[in-house]
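Down below is the structure, laid out as structure tokens.
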Amino acid sequence: MESSILESIGQEIIGVMSPVSLCMLLVVLLVYSLSDSNPFSSSSAPIRTAANLVYLENPSDTTAQKLEGALLNALVFVILIAIVTFVLVLLYYYNFTNFLKNYMRFSAFFVLGTMGGSIFLSIIQHFSIPIDSITCFLLLFNYTIVGVLSMFSGGMPIVLRQGYMVSLGIIVATWFTKLPEWTTWVLLVALALYDLVAVLAPGGPLKLLVELASSRDEELPALVYEARPTVSRNEGNPRSTLGLLVAGVSDSGSVELQAVSNNNVRRDGAENRRSPEYTAVQVRNLEYVEGERNRDEGERSPLVGHSRERYSSDSNSSEYSTVIHNRESEASVDEEMSPLVDLLGMDNEREHERRDSVVASRGIKLGLGDFVFYSVLVGRAAMYDLMTVYACYLAIISGLGCTLILLSVCHRALPALPISITLGVIFYFLTRLLMEPFVVGMATNLMMF
């Protein structure tokens with residue numbers, strides 16, 4: 001019976017959901033920890049960023065003004081992202097790959113060094129950690145340099161690269177939680193719609209970028225989290241754990257088996273061809289073996305393979321045959337002798353290894369923006385109540401799981417924001433407007449504990 005989709009991609013789903021959950025958890029902890037510290041206090045003055053270039057929300061503004069200003073901010077931000085993405089596609093189309101790589105290195109260095117350093121200093125001030133400025137600078141400098149090298153240099157452990165990708169998402173998401181409330185929610189909905197159009201619509205910038213990278217067989221020129229499945233070499237080729245069995249005839253005429261590794265077979269193959277007297281177990285009675293083999297020419301054991309390994313000598317041109325010992329019929333060895341079953345083909349083994357390497361290189365890739373905006377939604381929910389945090393987290397994880405299942409069915413690039421963001425926004429307002437008053441009222445009247 002064929003396995004279900006959930007069984008086939010279960011490991012990859014866990015490999016994606018775990019870092020997403022970790023990113024959201026750490027953002028929620030930072031929002032709670034730094035709620036009274038600058039620059040992330042919600043009570044402090046809003047900062048001017050690319051997400052609120054048109055309108056700065058004030059508490060004294062009316063609801064209509066907040067909604068109109070939030071829509072304008074979201075529209076301008078989405079247009080800026082679309083322009084930057086199209087410029088990125090043009091640069092990649094004209095093979096400005098080195099420029100794009102250097103730009104991404106600078107962006108990662110800037111985010112880790114300045115934005116991450118600001119969060120680091122806020123944590124030191126909030127918890128009154130005793131540390132001098134020189135040590136703080138050295139720690140931040142090493143953290144930034146190692147992060148840039150691990151994300152853009154070869155030979156680094158994949159775990160280190162994944163960890164720094166999650167760190168980038170945490171830093172950017174924590175800064176995005178500084179945005180005003182109305183701007184944040186409208187911006188999340190607008191980005192989900194833009195992601196849907198950019199990935200699936202004909203001529204969408206992200207769709208063009210993915211198609212260009214696929215046609216060139218190159219990695220995407222973007223900050224992408226890669227969840228590689230851990231595939232054992234022996235899972236694709238179970239015979240590779242068995243090794244090779246080489247047999248020969250001992251002094252007493254019985255057959256013995258000896259396990260020989262593949263490396264030994266490759267290393268000693270040339271010696272076996274040059275020296276006909278060399279076998280795994282030395283054959284003493286060659287005439288007896290040859291006679292038994294010729295006598296049983298018409299009647300062979302079922303263990304006989306379609307091809308046998310023969311060795312020739314310059315002196316007497318005698319052929320050496322190897323046989324397999326059937327331990328259940330040890331008494332009848334003298335009556336029936338069989339050549340060794342054909343050795344495992346090296347070509348098949350190399351083909352299995354190639355397939356394993358291809359499978360090991362596959363994996364679900366999630367853009368860094370998905371980490372950021374998932375965490376922004378949960379971080380904004382954390383500013384209200386923990387109940388909304390639980391609801392939004394479950395909604396985001398459910399939407400991500402649905403997206404991954406659709407990915408395994410459609411076998412094409414899909415946007416990761418629309419389903420999760422839609423469910424997260426719906427669950428947030430349902431929890432805040434319906435569930436939270438109901439639960440609080442029930443608990444207040446001692447009807448639910």
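Numbering starts at 1 and runs along the chain as it is shown here.
Backbone N, Cα and C atoms are what each Cβ position is placed from, and that goes for glycine too.
These numbers come from a predicted model, not from an experiment.
What TrEMBL says about this protein:
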{"type": "COMPBIAS", "residues": "290-312", "note": "compositional bias 'Basic and acidic residues'"}
{"type": "REGION", "residues": "289-331", "note": "region 'Disordered'"}
{"type": "TRANSMEM", "residues": "12-34", "note": "transmembrane segment"}
{"type": "TRANSMEM", "residues": "70-94", "note": "transmembrane segment"}
{"type": "TRANSMEM", "residues": "106-125", "note": "transmembrane segment"}
{"type": "TRANSMEM", "residues": "131-152", "note": "transmembrane segment"}
{"type": "TRANSMEM", "residues": "182-201", "note": "transmembrane segment"}
{"type": "TRANSMEM", "residues": "388-409", "note": "transmembrane segment"}
{"type": "TRANSMEM", "residues": "416-435", "note": "transmembrane segment"}
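The transmembrane segment (12-34) makes no contact with the transmembrane segment (182-201), as judged by fewer than three Cβ pairs under 8 Å among residues 6 or more apart in sequence.
Long-range contacts of the transmembrane segment (388-409) within the same chain: residues 5-6, 8-9, 12-13, 16-17, 20-21, 24, 28, 364, 374, 377-378, 381-382, 415-416, 419-424, 426-428, 430-432, 435-436, each at least 6 residues beyond the stretch ends and with a Cβ under 8 Å from a Cβ of the stretch. Between the transmembrane segment (182-201) and the listed ranges 70-94, 106-125, 131-152, 416-435, the one holding the most Cβ pairs under 8 Å is 70-94. Relative to the transmembrane segment (131-152), the listed stretch 106-125 leads the set 70-94, 106-125, 416-435 in CB pairs under 8 A. Only residues 6 or more beyond the boundaries of the transmembrane segment (416-435), in the same chain, are considered here, and those with a CB under 8 A from a CB of the stretch are 185, 188-189, 191-193, 195-196, 366-367, 369-370, 373-374, 377-378, 381, 384-385, 387-388, 391-392, 394-400, 402-403. Same-chain residues lying 6+ beyond the ends of the transmembrane segment (70-94) with a Cβ under 8 Å from its Cβ atoms: 50-55, 57, 100, 180, 182-183, 185-187, 189-191, 194, 198, 205-206, 208-209, 212-213, 221-222.
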